[in-house]
Every structure is written in C-alpha cells, then in structure tokens.
Amino acid sequence: MLNTTSVTEFLLLGVTDIQELQPFLFVVFLTIYFISVTGNGAVLMIVISDPRLHSLMYFFLGNLSYLDICYSTVTLPKMLQNFLSTHKAISFLGCISQLHFFHSLGSTESMLFAVMAFDLSVAICKPLRYTVIMNPQLCTQMAITIWVIGFFHALLHSVMTSRLNFCGSNRIHHFLCDIKPLLKLACGNTELNQWLLSTVTGTIAMGPFFLTLLSYFYIITYLFFKTRSCSMLCKALSTCASHFMVVILFYAPVLFTYIHPALESFMDQDRIVAIMYTVVTPVLNPLIYTLRNKEVKGALGRVIRRL
C-alpha cells in the first residue's frame, strides 16, 4: 500500500469544538457504548447458546449483533479517548485502518438490512414455503456474500485514499477518519476518489435501501389485501414499523452524507449526522429487532435464572 504523503498523523476535531462539553459528552457516549456492546453481546450470546434460537431468522440477528459490536468499537473508543485528550491525534496507518473497517462494517450492515427485510417478507407472506425459500445454504451464501462485498468495497476506498498526497493541513473536520473529510485534505487530483465515493458507495447504500423499501411495501400490501385477522395485521404492522424506523435512521443519514458534494459548508452537518448511523443505530438494533421478541426475552430469562 504505497503513499507519497508527508503527513504521519491526523488530528481529529471531534464532535464539538466546545471544551466545556467534552467531559459531559464523554459520559454520554461511554454510556451509549456500554449499552450497545452489552445489549448486542447479550443477544449474540443468547442466539449462539440457546438451541431454540438456532433458526435462520436468528442467524441474521446474530450477524447484526456481531456487526454492531464491531461497528461501535471501530469509532467510539477513539472518540472517548479524544474527549479527555488535548492532542486528538491518530496515526496515518491508524486512520486508514479505521476508514477501512468503518466502511467494511457499515456497507455490510447496509446490505444485511435488505437481507433481513427480505427474510421478514418471506416469513410473513409465504410462511408455508419459508423453510424451502430461506434454506440454510441460501442464508449462509447471502451472509458470506455481503461480508465479502463489504470488505472489498472498503478495501477499494482504503487503498485509493492511502495513495493520495497529503501535504497541507492534517486537521480532519470529523470525529473519525472518513473518506470525504480526508479528500478535502488531499493535495493532488481526487476526481477518481470522488467518483468512486459517489458511484460505488452510493450504489452500496441506494441498492439495499431500495430493496428494503420494496420488501416492506410487499409486506404491507400483502397484509392489507390477504389478512383477515385484525390482531395479526396490527402485530405485523407494529413489527414492520419498528424495523422500518431503524432502517430509516440508518439509511437516511448515510445517503445524506455520501450523496451530496463534499463542500465546506456541509462539514459540520456531516459529523453530527454521522452520529445517527455510527452511535445511535447500533444501540437501537438489539432493542428493536431482538429484545422486543418473545422468544429472545424467554431465552434471556432462562440464561438469567441459570446464573
């Protein structure tokens, strides 16, 4: 991985420039990180250890929990360190590594939401054929595919970014190493990087988002025209609504961040909006997708009683 940079480290400006807020924000984000890791860790442990949850639906939920633990850990520990530090530096290699894992896990989660929406649509609309359509082989192949695509998507960006020439300011207008603020610091031609960011990352975000919307539209259409039970309709719509809320909270900020041009006027908005999909969504996922589920709560109760 070659680069012609004269910069050996970057300075992360953080969430806010107001020094008086740093201790308070440290406590807030530390609490969020603890809840995220604990909640997702509990879900992952239950899905692995309880034989009653060894089904395809919980296979995807286990993937989501593992993703969210990793996703939070890529950004939050460094953010917490910087809240209490006066020198908010990150090495060049550390910056590129954070960029790679951030985009690898983020794009994988984006595609996983689409897979989970499709899984839910099959479970609701074709329950008798669910085990035939969503067979273990297909689910394993889908999971491996999205992880591999996410890895190579991030590898493309990390390699291309590492080869840029950084000869001026090393102050990143963000709380993490992301592509857009790094491109603002590059001295050379970044047109190819900008095109890859808009085209490839835009496709990775827009494609799964469209497929997710399509799955939920199909579910709602099916429920209104095929379901005669009001209780079943209300329960299914409640499940879809809560899932869809998490999906919107993830996709909307991502699309806002990576679709609009990299202008100086958007930098402050970008780092605030990024909190939604880097910090908030990983906390909500275990609450919305699993801990509201009766089978998961039952499994959690059995684990607690055994302790």
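Yeah, the Cβs are placed from backbone N, Cα and C, and that goes for glycine too.
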Looking at 76-95, 196-215, which one is transmembrane segment according to Swiss-Prot?
196-215
Check for me whether Swiss-Prot puts M45 and G301 on a single side of the membrane.
yes
By DSSP assignment, list the helix, strand and coil residue numbers for the topological domain 'Cytoplasmic' (119-137), in that order.
16 helix, 0 strand, 3 coil
Give the one range among 53-73, 98-118, 237-257 whose Cβ atoms make the most pairs under 8 Å with those of the transmembrane segment (196-215).
98-118
I'd like the Cβ neighbour count for C187 (disulfide bond), meaning other Cβ atoms within 10 Å of its Cβ, all protein chains included.
14
Please report, as numbers and ranges, the same-chain residues at least 6 past the borders of the topological domain 'Cytoplasmic' (216-236) whose CB is under 8 Å from any CB of it.
117, 120-121, 124-125, 243-244, 247
The transmembrane segment (237-257) and the transmembrane segment (24-44) contact flag, 3+ Cβ pairs under 8 angstroms:
no
Starting from the Cβ of C95 (disulfide bond), draw a 10 Å sphere and report how many other Cβ atoms land inside it.
26
May I have the DSSP-based helix, strand and coil counts for the residues of the topological domain 'Cytoplasmic' (45-52)?
7 helix, 0 strand, 1 coil
